[in-house]
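Chemist: From Swiss-Prot, here are the annotated features:
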type	residues	note
MOD_RES	101	phosphoserine
REGION	171-232	region 'Disordered'
COMPBIAS	182-214	compositional bias 'Acidic residues'
REGION	258-674	region 'Disordered'
COMPBIAS	265-283	compositional bias 'Basic residues'
MOD_RES	285	phosphoserine
COMPBIAS	290-313	compositional bias 'Basic and acidic residues'
MOD_RES	294	phosphoserine
MOD_RES	327	phosphothreonine
MOD_RES	331	phosphoserine
MOD_RES	335	phosphoserine
COMPBIAS	356-365	compositional bias 'Pro residues'
COMPBIAS	378-399	compositional bias 'Low complexity'
COMPBIAS	411-443	compositional bias 'Basic residues'
COMPBIAS	481-492	compositional bias 'Basic residues'
COMPBIAS	493-506	compositional bias 'Low complexity'
COMPBIAS	514-532	compositional bias 'Low complexity'
MOD_RES	547	phosphoserine
MOD_RES	573	phosphothreonine
COILED	585-647	coiled coil
COMPBIAS	625-641	compositional bias 'Basic and acidic residues'
COMPBIAS	642-651	compositional bias 'Low complexity'
COMPBIAS	659-674	compositional bias 'Basic residues'
């Protein structure tokens, strides 16, 4: 089998190779015999009798009916022929006034070029009419001279070292002499340039090469063409145009042949190389989208206070009558540098309506109320400090409308705030006492009641809207009321929030308040261990605290909290916040993907079990049907065998005979085959 397959494959390959070679030979043959389409039309005529009947033919050719044309007895025409009226051809006299348009004149000149091109070339080459007619006669008899193709010319050009030698007279052939002649002599004698093979009867189909003509020959050609109705300079211009068109056609044909050569599935690389070669010299302009310039934006200019806090604020309800400047809280009564920075920011904002800002106190820590007087009431994102035992991070978004009178916060100050804050809290202090307090806080000025659930044994001051918070605190028994030790590090968007927090809290809170409330409020909390601690008065509705793992992750990004220094600790940058958020989202997504993968595996296993059960059931059904079919065939065969038997014994019942048939081997039963 293998040898036969190899033999068949060789036969097929030979047929394919033969077919390719035959196709190449056929293409070469057709290329060789291809001619100008103008040469396909040949008109041949001979003298013959129009009438088959001799009497009618004699009557038709009698002098009564026939007459010589233009007095030539050799050329007889019928007297009813229209040429009888052409005995006298008058000379053409052009009209004095030309009524043709310039377009018609241009078309007429082009037509004259097409009509008399051969005659102009013959006149320029000095070929008489008899020579031209004789050349036409030779072409009709033997066909046109086969001109060497471009490939043959290239092959001949490569063999320049070989010398044509004839053994008869032992002289160098005339080809070398013709090659050594200068170009000026070749251009002067047009007959030699037209046809080197036949000098007596030149080939009139060869057109004049315009590029080889000098100025005198060009002028002579144009002068010869003016006698045939062409303007001065038309003939050479149209000759050059024809040559360019022929070159373009030749180039297009070469491209088509090269494309046909590279056609097929396996010649993708050749096609790419051919395309690159064609586009090599061409300058390609860049695409439109690459040329367009991107819009440029000016860098976002931040104020020093804004860049220090790295937060933005948005005021939805500005105070009517004046535009509020955005300032940021930088201190809660800490060191001199922070107080000076706060005073400078307040003086630059120019928002105050009451007293001027309090001068910075050169002393140590100041009470919380005096320190809070240095803050500006604004719609801002506040950045503050935290104590050595506490640092909290909250992100609160508020839109508040406040009124400030004097340098202090008063209980009569109304803040209309709408805040949504998210923070996560965990508190830790020196005394690790865990307590749970449940306090009720009433909001002043018609605000809603709020329940606050806290595990912090604290008495928090301040009236605010409804607040619910859960926090764990290991509260200490010693807190500082204000000054350098108590800092609250937060990033909030609340206009009326001042805080003295002793606890390290990350509470997830969210609150919304539409009622005016005093910024300072008090709340009583029932707790297991009483230890007073001032707390921030913010409008919050807390969510359950985050897990300790999240708190540890957040703690890692902050600097060490064990240093007892009064300087403000840097808060989380937006990139770190985004990184934490992305990490949490990735963890959630990983858990969800893992759960989905497990469910998918369980589902696939369940489907596989169902398919196996279905296949078992189908196999069982097929076996049952096969068994029934065999039983039917066996019964049919027993019935036929019992009819064919000569002496059927009545004592053999069907059961007995069937049991005997079953015991027989399959080789003894020719009719029963499985």
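Glycine is treated like the rest: Cβ placed from N, Cα and C.
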Chemist: Cα of residue 327 (phosphothreonine) to Cα of residue 101 (phosphoserine): how many Å, rounded?
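Modeler: Spelling it out, the Cα of residue 327 (phosphothreonine) and the Cα of residue 101 (phosphoserine) are 85 Å apart.
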Chemist: At the level of the C-alpha atoms, what whole-angstrom distance separates residue 573 (phosphothreonine) and residue 101 (phosphoserine)?
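Modeler: Residue 573 (phosphothreonine) and residue 101 (phosphoserine) have their Cα atoms 84 Å apart.
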Chemist: Count the residues of the compositional bias 'Basic and acidic residues' (625-641) that DSSP assigns to helix (H, G, I), to strand (E, B) and to coil, and report the three numbers in that order.
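Modeler: Taking the compositional bias 'Basic and acidic residues' (625-641) as a whole: 17 helix, 0 strand, 0 coil.
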Chemist: Give me the mean pLDDT over the coiled coil (585-647), rounded to a whole number.
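Modeler: Value for the coiled coil (585-647), mean pLDDT as a whole number: 92.
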Chemist: Helix, strand, coil residue numbers for the compositional bias 'Basic residues' (265-283) per DSSP?
Modeler: 11 helix, 0 strand, 8 coil
Chemist: Whole-number Å distance between the CA of residue 285 (phosphoserine) and the CA of residue 101 (phosphoserine)?
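Modeler: Given the Cα positions, residue 285 (phosphoserine) is 43 Å from residue 101 (phosphoserine).
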Chemist: Taking only same-chain residues 6+ apart in sequence, whose CB is under 8 Å from that of residue 101 (phosphoserine), what do you get?
Modeler: none
Chemist: Run through the Cβ atoms and count how many others sit within 10 Å of the one on residue 573 (phosphothreonine).
Modeler: 11
Chemist: Could you work out which of the modified residues (285, 327) has its C-beta surrounded by the smallest number of other C-beta atoms within 10 A?
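Modeler: Comparing Cβ neighbours within 10 Å for the modified residues 285, 327, 285 has the fewest.
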